[in-house]
């Protein structure tokens, strides 16, 4: 079931990216600190979305690792309690 949902979400994202790309062909000027350039709006939007996804994943890795560590500790506590109660 989860596989179907993931594939559906991926398909929706691909369609959304295609629509954004076809509806935003204009060039926009991007000013950097020391330079500037003109890039297609669709490319800029795609770059920002990818950057946001990567940043979100990196920020969530710490919390996920902490929660996995906490689960392992709780499993050890549960095993020790079960070992003591079976004696």
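Cβ atoms are placed via backbone N, Cα and C, with glycine included.
Please treat TrEMBL annotations as automatic predictions, because they have not gone through curation.
Over in TrEMBL, the protein carries these features:
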type	residues	note
DOMAIN	23-84	domain 'Lipopolysaccharide assembly protein A'
TRANSMEM	41-62	transmembrane segment
Could you give the residue numbers and ranges of same-chain residues that sit at least 6 residues beyond the transmembrane segment (41-62) on either side and whose C-beta is under 8 angstroms from one of its C-beta atoms? 17, 20-28, 30
With DSSP helix as H/G/I and strand as E/B, how many residues of the domain 'Lipopolysaccharide assembly protein A' (23-84) fall in helix, strand and coil? 45 helix, 10 strand, 7 coil
